[in-house]
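Asks: What TrEMBL records for 74-258, 339-523 is domain 'ABC transmembrane type-1'. According to TrEMBL, the feature transmembrane segment maps to 81-102, 114-133, 139-158, 236-258, 288-310, 322-344, 350-374, 381-401, 407-425, 504-526.
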Amino acid sequence: MGTDALAGNVTSVASNLWTRLTGPEHATLRNWIVLLAAWEILGRLKLVAGGALPAPSSVLWRLWIDRADYPDHILATLQGASAGFLIGNLLAIAAGAVFALFPLAARLFRGVNVALFALPPIALSPILVITFSGMTPRIILAAIACYFITMTATVTGISQTDKRTIDVVRAYGGGRWPTLRLVQARSALPSILAGLRIAAPNAVLGSILAEFGGGGRHGLGVYLIGSLGRAEPDRLWGIGLMATAMAGLAYALFSVIASRLTGSSRAVTVPASPPASAAGSKFTAGEIAIVAASILLPFALWWLVLIAMGTPAMIAKNPVDLFAYLFLAPNSVVTQAKLLAALAQTLPMTLIGMALGLGFAFLLALSSVLYPAIIRGFMPVALVTQTMPLVALTPLLVLMLGRGPSVILWITVSVTFFPAFVTMAQGLSMVPHAALDVPRAYGASPLAQMRLVSIPASLPYLFAATRLAVPRALLGVMIAEWLATGTGLGNLLNQSRGYLDYGMIWSVAVVSVLISVAFYQIVVAVETRVLARRGMAPAQ
């Protein structure tokens, strides 16, 4: 073969490869290649914060150098995450089945479920570490991280079973439990598997957060904390990407399982709210009793769990102990001042970060309809920020942005925008095409169609996205305060651990839960009023 023929073949192959990469079907691959190339150039030239963003090749080389360190740390994190994933999801599926079959139980446990959903793991981590030893804190936090999403997915899957299939079982004498086993459990399988896909990376994050709180010699969280003081950004990025790979593989594993088990069935949307209570809003004595029980049950369970564990009173604080610490102790005024000062720093950043995250998500959702090509190019970056555990992402952002308020806002936006974007985009995509025919017939532009039809029709999903963003925003702010800025509730929690001030640790934990629950309930109240006026139901 001559030189000209060889050159022609090479040119032809290169041309075919370029044609394939520039085609729409390979947009994701092309975007990843462009992203990695840009990252390599920025890292090699040290154009970002004086080298705080190392090149991918440098990160891979550091991973190879440190390869002997990773097996023990990965295994420790996997042990806690796997055990917590198994326990949390078994409890979630069982609870979801009970709540779906017995609506009264769902109403009574609403307070517990919302509290678990709103609970910032960083606030619970120090309490678990000082109360338990070994792998127990990691398992508990991983289980809590899995519970809510799988429980609500189970409730939705069971409640959306085709009523005609239930009638068939009942016609042959089947009771409540045979109906659950033969029909409802199978109907709920796609929804449950959708929940497990999200719960799997959540379990990894929960285990790493417990490691961050202090506990054990091994684990990626322990390794990351030990590496923060070194001027080695490539090592931090290596640890972060390893945690990202674990979370991403966990998600992919259950995606494959879901595809194999459900075939062409499409899972329903994983709900962003707790199980809906039974209809009826009359303020009867029975209704008031149920609401009161729902509010008091979390405090009763808190007390009973402490009694069952037998933890020393110096460490474990029940509701009465905490009230005495905050209001009756000799230095309670100083304690309240510290707590309020920290709260004054955390709350504004939470609200601003949440607003920015939701606004960014809203613009992305609109762009996904109006300019889908741009969104396809942005998705690789978005996916990396979401699969990388927050505790691994924070030190990397600190290297690039410093320790000022900007890092708090960046972290808060990064953890709130993606779930909100997915939810909003789903709402916009579900607007019936027939509803858009009228504005199109009058020559309305795509933006006018959005304003007049699509956005109002997707309001339930906008509120669902806001409900999702509330606890994630507070979690992002507190982690940034703990690891980066040294301000607010996150820093107060960290200081209290060092001073062994168990009362303050419990106070910060309870206050953070109450803030999240309050925000959540405010969103629910506004959502109920707005959607009721439009005759719309919440998006579950």
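Glycine is no exception: its Cβ is also placed from the backbone N, Cα and C atoms.
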Asks: At a C-beta cut-off of under 8 Å, are there same-chain residues at least 6 beyond the transmembrane segment (81-102) that contact it? List them, or none.
Replies: 109, 135, 138-155, 158-159, 176, 180, 184-185, 192, 195-196, 199-200, 203-204, 206-207, 246, 250, 275
Asks: With Cβ distances under 8 Å as the criterion, find the stretch in 236-258, 350-374, 407-425, 504-526 that has the most pairs with the transmembrane segment (114-133).
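Replies: The stretch with the most contacts is 504-526.
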Asks: Are there residues at least 6 beyond the ends of the transmembrane segment (504-526) whose Cβ is under 8 Å from a Cβ of it, and what are they?
Replies: 114-115, 117-120, 123-124, 126-127, 130, 273, 317, 322, 325-326, 335, 338-339, 342-343, 347, 350, 463, 466-467, 470-471, 474, 478, 489, 492-493, 496-497
Asks: Taking residues 6+ outside the transmembrane segment (288-310), which of them lie with a CB under 8 Å of any CB in it?
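Replies: For the transmembrane segment (288-310), the far contacts come to 104, 107-112, 115, 131, 316, 318-319.
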